[in-house]
Amino acid sequence: MADQLTDDQISEFKEAFSLFDKDGDGCITTKELGTVMRSLGQNPTEAELQDMINEVDRDGNGTIDFPEFLNLMARKMKDTDSEEELKEAFRVFDKDQNGFISAAELRHVMTNLGEKLTDEVDEMIREADVDGDGQINYEEFVKVMMAK
């Protein structure tokens, strides 16, 4: 996984890692992981951090070494690519770029894709529309897309 990173990325990660490796022993504590990742432009939730730590900290000693950290960052970078794809897809549906997909916009895109769905479009909106405002915002869109 880490072999997909560029030399520049690796040196950027090494620099960030070193900043938090206070005693220079080649390990950072799990508590510091969130700070390191945020400094690199990632924004993991507490739950995501805990999942990452559980995956990486094999011996359960509460520290993460640099090779483990690189694998973790490579995985996160891969996830970020799919996030960009989702944003792009959302923009395609959100014709007026107001941050929401209306039933009319969804119907328009589906028709252009050769789908003649009227009841189905309303049903899709109802399923995805968590806050009940009759439109799909980006968070709702991501939930629907990730559920597939």
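Residue 1 is the first one shown; counting continues down the chain.
Cβ coordinates come from backbone N, Cα and C, glycine included.
Just so it is clear, the model here is predicted, and its values are computed rather than measured.
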Worksheet entry | ASP94, ASP96, ASN98 bind Ca(2+) 3 per Swiss-Prot; candidate in GLU88, GLU105 listed for that same site | GLU105
Response to the item:
Sparsest Cβ environment (other Cβ within 10 Å) among binding-site residues ASP57, ASP59, GLU68, ASP133, GLU140 belongs to ASP59
Worksheet item: Hey, does DSSP put ASP57 (Ca(2+) 2 binding site) in a helix, a strand, or just coil?
Response: coil
